[in-house]
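Reading through the structure tokens given below for one structure.
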Amino acid sequence: MPGVVFDLDGTLVHSAPDIHAAVNKALAEEGGAPFTLAEITGFIGNGVPVLIQRVLAARGEAPDAHRQAELQGRFMAHYEADPATLTSVYPGAEAAIRHLRAEGWRIGLCTNKPVGASRQILSLFGLLELFDAIIGGDSLPQRKPDPAPLRATAAALNEEVVLYVGDSEVDAATAEAAGLRFALFTEGYRHAPVHELPHHGLFSHHDELPDLLRRLLA
């Protein structure tokens, strides 16, 4: 059987609430005003450095490498200390992956979240064992939408990877750049209408995913 690679945030787990909490904890330490969940959700997708850049820009702060590193470090300390209290696995996601594994699929994860935090979250939800390869936002010099992380994940699976499953503009662009078909989860963190994202199939509930993959392989 071929391989399939998944994104994490907004695709397999609804993690925005914990990311939101960690950002606001870091800002509260310096007396900063909190962001709303919707605001932080809108900043997710390009990795932690870009998340923090967007937070600082939204506060009206000029780009500053020292400031970026300082806030990013405090954010990660809070996030890694409590990454999953408010996070949930999307309904049907675990069952879908277990179903695919039972059919012989090799399963990979390609995310812009740091690999340590990604493994921690997967472990807390009992999902870590389901993945044959994991590439995070700090595994390579490049991050999505550069195709290098997705290609590295595919290579690590030692199978022909035929599909990337994600939820956002970043994921769609990554799959396109890597030359892979893309399955779009419509209930994640995308900003644009579905029709504006290049995709080969879409689904709104993970129960639909195994049948969708079979159709895309036909």
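Yeah, the Cβs are placed from backbone N, Cα and C, and that goes for glycine too.
Listed in Swiss-Prot:
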ACT_SITE  Asp7  active site, nucleophile
BINDING   Asp7, Asp9, Asp167  Mg(2+) binding site
Worksheet item: Among all the protein chains here, how many other CB atoms are within 10 A of the CB of Asp9 (Mg(2+) binding site)?
Response: 24
Discussion item. Out of Asp7, Asp167, which of these recorded positions shows the lowest number of other CB atoms within 10 Å of its CB?
Written reply: Asp167
Worksheet, complete the sentence: Same-chain shell around Mg(2+) excluding Asp7, Asp9, Asp167, C-beta within 8 angstroms of the CB centroid, reads Phe6, Leu8, Gly10, Thr11, Leu12, Gly45, Thr111, Gly166, Ser168, Asp171, Phe185, Gly188, Tyr189
